[in-house]
Amino acid sequence: MEIYKEFSFDSAHRLPNLPDSHKCSRLHGHTFKVTVYVQGDVDPQLGWVLDFGDIKECVKPIIDELDHRYLNDIDGLENPTSENISRWIFEKLILVMPVSKIMVNETCTSGCIYTGHP
Ligand SMILES: Nc1nc2c(c(=O)[nH]1)N=C([C@H](O)[C@H](O)COP(=O)(O)OP(=O)(O)OP(=O)(O)O)CN2
Ligand SMILES: [Zn+2]
């Protein structure tokens, strides 16, 4: 079974590798939404895969690194696309919990899902 928990952070970014004519080459901000998924067996006694509270404990410090920042200044996020942000979060989180995928939404209509594979 797969469970998920949602988080959000507010940050500014620009996409430096785009031509000046592209609007996203200019400084702008988003309320990014991050959804963390965990896949596993349901513990027969507890009735859950993993405590949502334990997910929050692992994810919160990572979200705090991103919240109210200029993302381009963060190591590894010099080109902060949704793709690069989702991989950046996944690679930090997999060190501390069994994340199965990360979804990052930049707007209501656009986002990226990263499962640990290119
Ligand atoms: N594959 C990607 N494409 C784009 C990314 C990205 O990270 N990966 N990022 C952007 C911009 O950062 C932009 O802020 C978001 O793009 P977009 O969905 O085009 O934003 P809109 O506000 O124009 O969305 P609408 O809902 O269509 O109004 C661009 N592309
Ligand atoms: Zn953007």
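Placed from the backbone N, Cα and C atoms, the Cβ positions cover glycine too.
For reference, TrEMBL has these:
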| type | residues | note |
| --- | --- | --- |
| ACT_SITE | Cys24 | active site, proton acceptor |
| ACT_SITE | His68 | active site, charge relay system |
| ACT_SITE | Glu106 | active site, charge relay system |
| BINDING | His13, His28, His30 | Zn(2+) binding site |
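The structure, with features from TrEMBL marked on it.
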residue : record                           : Cβ neighbours (10 Å)
His13   : Zn(2+) binding site              : 23
Cys24   : active site, proton acceptor     : 13
His28   : Zn(2+) binding site              : 11
His30   : Zn(2+) binding site              : 18
His68   : active site, charge relay system : 10
Glu106  : active site, charge relay system : 18
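The active-site residues shown are Cys24, His68, Glu106; of these, the one with its CA atom nearest the CA of His13 (Zn(2+) binding site) is Cys24.
Same-chain neighbours of the Zn(2+) site beyond His13, His28, His30, judged by a C-beta within 8 angstroms of the site's C-beta center, are, in sequence order, Ser11, Ala12, Arg14, Cys24, Leu27, Gly29, Leu71, Glu106. Nearest neighbour of His30 (Zn(2+) binding site) by Cα distance, taken over the active-site residues Cys24, His68, Glu106: Glu106. Checking the active-site residues Cys24, His68, Glu106 against ligand 1, the ones whose Cβ sits under 6 Å from it are Cys24, Glu106. His68 (active site, charge relay system) sits 12 Å from His28 (Zn(2+) binding site), taking the CA atoms of both as reference points. The separation of His28 (Zn(2+) binding site) from Glu106 (active site, charge relay system), Cα to Cα, is 11 Å.
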